[in-house]
Amino acid sequence: MEKGFAKSSIDQKINVYIWDMDETLILLKSLLNGTYAEVFNGSKNIQEGVEIGKMWEKHILSLCDDHFFYEQIENCNKPSLDALSQYDDGQNLSDYDFDKDGFGTPHDDDNNRKLAYRHRVIAHRYKQGLRSFLNQEMIKELDELYDTTDKYTDRWLSSARVFLEEECSARHNDSSLVASDGINEPSASKYQHINLLVTSGSLIPSLVKCLLFRLDNMITQENVYSSWEVGKLECFAQIKSRFNSPNARFCVIGDGWEECEAAQAMRWPFVKIDMQPDSAHRFPGLTSKTLGFYFSVVYGSSDDEDEKE
């Protein structure tokens, strides 16, 4: 059982939603290569989408390098920020000089400890949010870019966020507690709803994307996984071990073959995102009723109100 579960929630059923990022919760690659606009058969300006994507790329790289140690740790990708937690001795880092600690190769215990320090700072900055370290001018620029992107994509971004907030999280926010491990624990609900992200991108840019695309309130840093080095099947196996409970049900949502094959190997339902304008498996379009159907195919039907629209 995942540590952090309250005793009162041991018998509570758990829905674990495992999301892909690009072309699922956000759109970026398909803006840059024009494939998003192409499905609209001329009604979308392809170059406009490309320019929007390039602006996002610029901000992602800038934040990675300026605030998340990416130039130092780009070649040290790990599946999660907790992957090296056993090396973190809890040293006070308030006066620590990350530019002069000699971090580098080889990947021995000493350098693993220094990397764990960086992961701890990254986790703290993620928790604090963009407004804790960016000025108001930059926040305004990012807000405008988000709104421009949302308009261009017919509300894909905001619809995905609303879906996470309203359909895949605690129903009654005023009576919910969010535990330190990022798990919503509603006191008066039969279900816990947990959102995790498993992306094929490297970990630090993926965390930055969550911040920029306003997903950090729904997906905590403990729940962001990178399959860059280990593959999605290994990440899914780690997740199954983490939430080791007969009451846990898993559902994978994404657009790629790798998460589809990994979900099949785990015998979990897989919902394939489709960018076609008339598809119900996109944003806006995807509903809790659709996810409930996929759950029922694998796990059997449920009359719980959380699976009904």
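Including glycine, each Cβ sits where the backbone N, Cα and C put it.
Annotation source TrEMBL lists active site, nucleophile at D20. Around D20 (active site, nucleophile), the C-beta neighbours below 8 angstroms that are at least 6 residues distant in the chain are L197, V198, T199, S200, V252, I253, G254, D255, G256, E259, I273.
Residue environment of D22 (active site, proton donor) contains 19 other Cβ atoms, counted within 10 Å of its Cβ in all protein chains. Residues annotated as active site, proton donor in TrEMBL: D22.
As annotated by TrEMBL, Mg(2+) binding site applies to D20, D22, D255.
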